[in-house]
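Trainee: From Swiss-Prot, for reference:
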type	residues	note
BINDING	Asp493, Asp499	Mg(2+) binding site
COMPBIAS	706-722	compositional bias 'Basic and acidic residues'
COMPBIAS	729-746	compositional bias 'Basic and acidic residues'
DOMAIN	560-619	domain 'KH'
DOMAIN	629-698	domain 'S1 motif'
REGION	704-746	region 'Disordered'
Amino acid sequence: MSERRIHSVSMDLAGRTLTLETGRFAEQANGAVVVRYGDTMLLATAVASKEPRTDTDFFPLTVDYEEKMYAAGKIPGSFFKREGKPTEGAILTARLTDRPLRPLFPEGYRNEVQIIVTTFSIDMVNDPAPLSIIAASAALAISDIPFLGPVGAVQVGYIDGALQINPPMPNMANSDLDLVVAGTKEAVLMVEAGANELPEEVMLEAVIQGHQVCKQICDLQNELVKLAGRPKKEFVPPPVDTSLEEAIQQWLGNRLYEAITDANKMVRDAQTEALKREVIAHFTADEPEEELEARTAAVSAAFENILYEEVRRMILERGERVDGRGPKDIRPISVEVGLIPRVHGSGLFTRGQTQVLTLATLGSPAEEQRLDDLGIETAKRYIHHYNFPPFSTGEIRRLGSPRRRDIGHGALAERSLLAVLPPKEEFPYTMRLVSETLSSNGSSSMASVCGSSLALMDAGVPIRAPVAGIAMGLITGKDGRWRVLTDIQGIEDHLGDMDFKVAGTAKGITGLQMDIKTTGITYEIMREAFAQAREGRLHVLEKMNAVISEPRKELSPYAPRIITLQINPEKIGALIGPGGKTIRSITEATGAQIDIEEDGRVYISTADAAAAQQAVAMVEALTREIKVGDIFLGKVVRIMPFGAFVNLAPGKDGMVHVSELDVGRVENVEDVIKMGDEINVMVIGIEPGTGKVSLSRRALLTGETAEDRRAAGAGRGLRDGGRSSGSERSGDRSPRSDDRPRPRRR
């Protein structure tokens, strides 16, 4: 075995040391790099197949992000004690890693490439997501796999009005921005962000500042390449038969332009496909059988290249899009709400031939989604799921679990609404939204943002402002010309150079995602894209506000009602009872769902108003602070020769001494009361330390006070005591708090 040669390089990044190391692990991979930042440590490996795949017309890149519980010092909780399928967070990190790397492989490269990023250690301070991009890029950079990197990546926060690079994870709870930017030394490749209604100027400055640091990280990777990089394998792109393309172009004449310039996607696709079949039939007519398959593939590829160039030429030279729109024009918009009975809220958003129906369901706090990603235990009270069935594009496909794309689109729409959600203190409901894509011709994720905003307002959720989303595109020319397109459709997304999605309110941006298919874009292009996106977003909001501009005043009659109580946290144990016995008895008696927070907030959820009031009364009785002078209607639960025990509240009894049962002398307790009787009693004493309660029936009969009875010698040995807590009821919605949800990128 040859001696290992370990190489490492380091730099200071936001006050912490970033280290890249290779040579210690995974020597059989084409490239392997360990990234360490603080005590967060990831291993990235890159492996390429020896031969290209011949059965595909796209680049077969796979990126996997493996979360290992040992990285957080934990054992998996499953029966087999092994990690299971990737969590949603792991899938989103894998997509985040994939997106800036994919454009940097040579055009026509068809060797299968697999990148695996494995978490070795997580310190809960340094976010592993941007480090995953750095690690994967470094592994590719030092490998022999053709790659046009390296790529740097950082996280940018906006805390107390200032941009910060790679803030510690605990600090992100107070940040109005959670942005990851990735890029080469020359240009920005990818942006992903959630924000609290920030203006375009702040977002652009965050991208620019982040990219400046990305350049330094690229320099660090280049240092490692000099120390340990392997020579790149030679890759010769497949030759392009320009003479074939010229012949097809001449034969087509103006027919391709006529076929693709139709506003209806289905008509346009049918005409284009029919024309393609004609071209293939004409240019393969005299081909020998043994060469027919290869010739057909060549003609098909040539036709696609001609289509690609024609669509781009129309936009760059004439500002004309295939559906007749100009660069800034938005497709016709239709908005409807309240279409679906029984659901708690619904919104149908249609833009051109993209249509999304979003449905809202409200639930109790107990229905929050509990997450445990590498030991970071959190709960989500706002959940958005995105579905993309095959009929939405007129296709047939097997149904199954959500694909990575579905999870990514759902997460983008989810974080775009976080900034406008009411705080839990004001609106304690769990909110689940499901966006059903019914028809798709570009930007269904942004239609999901619009549909979510509509459904929330239709459900009566008091969001701070409506949110709309729009997708921008980009066409660039070899001569340096470029045009930004507003509201791109499917063909422009497929043949264009950028997918730039922006969501927000009239005030500012709440969600952002940018993917590039070229080797990067300039700040000037981004500035124009932001400006054009704002115009488009305001146009969409105007259309939405014409139908519903604010949340409904009342919740759906089918939604549960939640009443909030505030109790002394010291009373939580009494409310729960031994083994949950007490709270379970209240739930069984009323049918209400009861949830308790550590700070003493109690949520009572039920659709039955009478049951809700019954549960409130039981909770208040149980958690009420008993004080001297209080009057109770209690039930006699035990009779003794010296008096009777009366139940005042679940789990709390007091004693009426025989001398306090009646005005006159009582020889036999049962001459006055019997087991099961309900009697009115006054608290005349509470024994310090034990909390034993002394009661008097006599005081209520004579009109005396607790002090009068104590002065007469009743409750001897007892002193006024007890703890004061009370049970403060706030109703369905407590006053608005400034503690609103912070943006999440994932």
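Heads up, residue numbers simply count up from 1 along the chain you see.
The backbone N, Cα and C atoms fix where each Cβ goes, glycine too.
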Trainee: Mind checking which of Asp493, Asp499 has the fewest other CB atoms within 10 A of its CB? They're the binding-site residues.
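Mentor: Candidates: the binding-site residues Asp493, Asp499. Fewest Cβ atoms within 10 Å: Asp493.
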Trainee: Check Asp499 (Mg(2+) binding site) against DSSP and tell me helix, strand or coil, would you?
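Mentor: Looking at the DSSP assignment, Asp499 (Mg(2+) binding site) belongs to a strand.
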Trainee: Please average pLDDT over the domain 'KH' (560-619) for the predicted structure.
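Mentor: Averaging the confidence scores along the domain 'KH' (560-619) gives 91.
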Trainee: Can you see whether DSSP assigns Asp493 (Mg(2+) binding site) to helix, strand or coil?
Mentor: helix
Trainee: Of the residues in the domain 'KH' (560-619), how many are helix, strand and coil by DSSP?
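Mentor: Helix, strand, coil within the domain 'KH' (560-619): 32 helix, 17 strand, 11 coil.
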